[in-house]
Every structure is written in structure tokens, then in C-alpha cells.
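Novice: This is the feature table in TrEMBL:
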- A:336: substrate binding site (BINDING)
- A:29-328: domain 'Aminotransferase class V' (DOMAIN)
- A:193: N6-(pyridoxal phosphate)lysine (MOD_RES)
């Protein structure tokens, strides 16, 4: 196989569009230059509809995890109580971060592969109404579950005075988010998922209510201190030298999203999910999540009794397709297909085709073409509905 | 002027070489992919001679400041004592970071524009021998001073049991560094200076002695926790999704540095400094630093009585040259020329030429061509010595 002709079907990093690559190749500029100030201001404002926030979005230079830690470090402190809904590896990461801060963590553990139900959260918060913040995961990357954030945020408001803090890393830009309307106080994401950029930028939308807590919170922090980001943003700046080339790329990403229209972007993601799921079901492979919980950005598929997930991933790699394995307790038990960002329905069909070939080659009992038929029919069906 | 035809003569970000731009345009890869593991391992090993460390260099995704905070957060904790030599804005940043951590900070303030003398540090440390760490700045970006790290580190060892922690952000890659030999325990830098990359990566070389402290240090940290970086590096990995496109670029930067040879790279930086200083002196402009303290990567020049530094910077901008202003107490009093990374002697000559034209245009009393003559003669002199 041609080494570089492969499809990056991971739940991040995702492929970078050629025009975004080109934009990132612009000559470097100074981060205190008026050109950069204009860029920072434009980006932080144009990102707002993607988060559903009226406030300018903070631009952090770091991995998605830096934004998770920032969300925690700016809102709770040692000895305070916080609730974390853990429905997979990234909910668990929030809990780890809070543990490292010596916050008293109340975990609501959800079976991996299931979404948190509003009534579960309600029952849990009735026992922990003193928590200062509730940490939720929007799309749980490790399982492909999309948690029902609007309903969960409502329960937080109903039963506590806590802030609602949401990890949106693997879905923001691929699914609608209305932080303000839903009562989400902090919503964070990273650059390398549905936002089609290389990794290295992270984003945070912060509500007016959250800002009050941020200003007063005592946890020690410097690089991740939102107060410094806000102060700098008032001068269209960042507190430290930011990832300028990713800013160039982000400008082009926003052009692309605005040209397509956010609603169309979200519909494309749902379509990719549905095409893929129909195909996988028709092949007889069990999906980890039920339809109602399925994220439009990542799909986890269970391995079979008579074949190994890791063998399948190796075979797919040979065919030029990269899919992810399972994380932590799902290691060896599932594989995960990312379908977000610079991706379209035909990418799902070619992924499925490679999947059929790879499954056959490792001796799994599947009928070649069965997945393709079901997937194509779903695509045709949805196209008819939309015309 | 052509908007993009300008010279970025800042002390960071610096111009990115075309071949590095091209390398960064490689198709994205997964950060858990074997290709990425190979890259992480290669980079962390190939960086060692640039820091003068026997240990693999940690790769952080963040601004230079993230590495400054990491160096502090991994070595000292609330209530402990630390010494900071403050010879400019970035020494002050170390002090701010330590203040935010509630470390007891003992500041040794040096006049801005001067280097810290070993005997000053010795006298200071005799009064503060219980400090856990001493924070030094190698090149102080705000003044263009190169502090004598080997001598200062010797005084730290002589008078304390403390770790020696050095901010090398604006000179590593442009001046020799021998962390192990000099007894420097942590040496950090960022990507956007002498390493010729866009901003967004930071690096840390950590001594075996420092690792003992890092393992035991209690300050809360997660994203910047060196322990996680080391654990991941043992599997040729990073704890979070790293700035992969900057890794691609870094590989090409290392190719360039190795092709030129590090000693030649350092000689080129010294030559740029010397050419520029001769030219500026010949124009009658006062340099902020004495020759013995001058960094090979950045030069600060004082403004005149009858012209304004900010007018000069605007005029230079019109001519297509970006130079930096003064920071904090030096604002409006100096301008700063960066000469590191993707830069050569002829860049110094064209910067000087623009400087002569700009000074004339704002009515400063300079003799056109005087700087060029002195600078060219310095270039010729040094070329003769080397042949």
C-alpha cells in the first residue's frame, strides 16, 4: 500500500483539509502584531455559534486535556465537593484531574456504552446537593455515547446551585451545542476532532455565571488561568504566545463551516453515523451503543467471539484505514470509528468496504457486500427524504 | 509595501523555514499510531545535544510559559522557599508563577539590562540557603541579556542543596547549552524562537537529580505533570494528544540543525549579534547591554532623546520590518531586534538598512550608511578570521 494513502478514521486526530493546511503555511506573524489581534478577536467571536455562547470563546494553546483541567482548576478548589458523571475514559479523566486537585469527588458511574439518564443524575444529585460543580461528558470518545446534555444540565439546575461543566472535545463542531440555552456554564473542546485542525489548540466557552466563580476560585493556576485569558482578550490578545499557525488554520476552518452552514454540517455528521451504523448492523456486528445514545462523531463496535479486534485493526491498517481500539476496560473488546470533521458519507462507505474485506481476511463470518447494501440504501433513503 | 513581504525580526515568534512549513503539511497521523511513537522517540532523543542532557527531552504541547509553570509546579510546593533571579520580564514571570503557587519567593532583582554576576548570587544565596530551587533566566528576552548560567549554577551548588532551574526559551538552539555539565537540573524552552517552529510546543530537559524531586513534589498538577510525560515517553508516547503537526516540523528543524552542525549554528548566531551591534553602535544608538552580557539571539536598543521608539517601530513596519518594543518598565524606552532561528548575517544588514532609513524618516540625527559600513566590516573581519 502507499504509505500515506490512508484514511484516518480515528476519533481524533482527524484529517486536516488541504485548504486548512495551506492556510497554516502562511508566513509567521508576531503574536503582539495588530494582524494577530484582529485574528484573535475574529476567531473568538466567530466560534460563538459553534458553542452556543454569547461570550467570546477563549483560545488556549494546549491539548484537549489542558481545557479539561482549566475547566476544573478555575471553578473548584481543594476540599470542595464536585460531582462527575463517568460514562467512559474521559469522564474518568475529569475525575482524575479533580482527584489531583484534592477536590472531594462524587462519581456517578454509568455502564460504559450507555448514556447517563436524567433521572439517574437527579437521584444522584439529591444525595450530593452541596457540590460546587457537576462535570459531564458530551460525547464520551471511548464509547461513542452522546450524553443528553440539555436534560442533564436541567437536573443540575433543579437539584443544586452547582456549575455545569461539559467536556465537548469529541463532538463540538459536529453536533449542535447551545451552552447558554442549555445552562451549560463551561463548555470546552480541542482542535483535532470535528474542528478539522491539528492538535494543539483548546477552547472554552464560559457563562457569565461561571465567570463569578472563576474570579473567586482559589485553586492555584497560572498558565490555565481563565482570568488572564479574559483580561488579554479584552485587548484582543492571549496571555502567552499562542499557537499562531493553528489560528491561521482555524480561520479557514470557520470559513468552511460557515460556507457549508452549521445545520448542514450537523446533518452530514448524523448521516455519516446512520450510514455507518446500518452497514455495521447488516454485517451482524454488535454496536456498543443503542441508537438513541449514539454520537454523530464516533461509533464503537464490539468484537466477535471468533475473531480479535486487534487483528482486525491490523488488517484494516494494511488496507489503508486507521481505526482506534478500545480504551481502559474496553481494550481488546471494541474498535472505534471516528466520523467527524473533514469526512463525508462516501468515507463511511469506503471504511465499511475495507471493514468487510478485513473481516473476511481474518476469517470472521460475514457476508461480503451486505454492509455496503444496507449502508447505501440508508444513504439513498435519507437523500430522498431531503429532496 | 507588499503586505506579506516583511521581515519578522522579533525575539519570537520567528520565521518558519519553507521546508519546515512543507513538513508540517504532511497528512495527519494518529497520536497512538506506531508512526507517531517512532517520531516521539526520535525527537526526544535528537533534542538532547541542544540541551546538553543525557536524558530524553520531554515534549509539551503549550506555550513557553507552560514549560516555565511545569518547571515550578514539578519541583516546589506551597510554603516552600525558592529563589528567583529577576533580570527582566521573564524572570518576573517565574516569580509570578511561584507566587500563584504560594511558594515563598526570594527575589534577587538585577538592574534590567545587566546580567546577574556570580558573586551577587552567591551573596544572596548565603542568606537563603534553605531554598528548594533557584530559578534563573538564560536569555532574558526583555533585555537581550545572556546570564552566565554555568557560573550561576556553580554558585547554587556551592551554597545550597537547591535545584537549578533555567528558562532557556529565547536562546536554546541559538547558543550552546550543557545542562548536565553545568549542573542545570531543569532547562526549558519553547518552539517559536531559535527552534524555528510556530509557537505551540515546549520542551524540558530534566536531570536525574531533579526527577527525584519531581516524583516527590506535592504541588497539584495534571496536564503539566512531568511524571506523566516520563511514563508515556517510556512507551514512546505523550500523555495527551500532542501538537502532531509541530512534531513533523520539529523533525525537519532537527534535520536542518544537524546538517549545518550545532557549532556552526551557534557561530552564526554570535556573528549576527556582532554585526548588528557594530552597526547600531556606529549609528550612535546606545545598546541596552554591555558586550559581555549580550545574547546571540536578541538585542535591545535604547531610544534617543529626540525621537520616539514607537515612531521608529511604526516606520520600520512601513518598510517591511517588524521589531519588538520594550516590555513593562522598558516600554517606550527600548526596541528589540530578534536574530535567531531562520536568520543569517544578510538579514542583519537589511534590518540595519531599514533602521537607517526609518531613523532618518522620523528625523533622528544619524548618518545614513554609517551603520552599514561598520556592520559590513565586522562581517568581513570575522570571515577573514575564519578562513
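Note: Cβ is positioned from N, Cα and C throughout, glycine not excepted.
Where in this structure would I find these features, and how exposed are they?
Specialist: In this structure, residue A:336 (substrate binding site) is part of a beta strand by DSSP.
Per-residue pLDDT, averaged along the domain 'Aminotransferase class V' (A:29-328), amounts to 98 for this model.
Taking a C-beta cut-off of under 8 Å and a sequence gap of six or more, residue A:193 (N6-(pyridoxal phosphate)lysine) has these contacts in its own chain: A:11, A:12, A:13, A:14, A:64, A:169, A:170, A:171, A:172, A:173, A:174, A:297, A:338, A:340, A:341. Classification of residue A:193 (N6-(pyridoxal phosphate)lysine) by DSSP places it in coil, neither helical nor stranded.
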Novice: List every residue in the same chain as residue A:336 (substrate binding site), at least 6 positions away in sequence, whose Cβ is under 8 Å from its Cβ.
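Specialist: Spatial neighbours, sequence-distant, of residue A:336 (substrate binding site): A:10, A:11, A:141, A:142, A:144, A:298, A:299, A:300, A:301, A:323, A:324, A:325, A:326.
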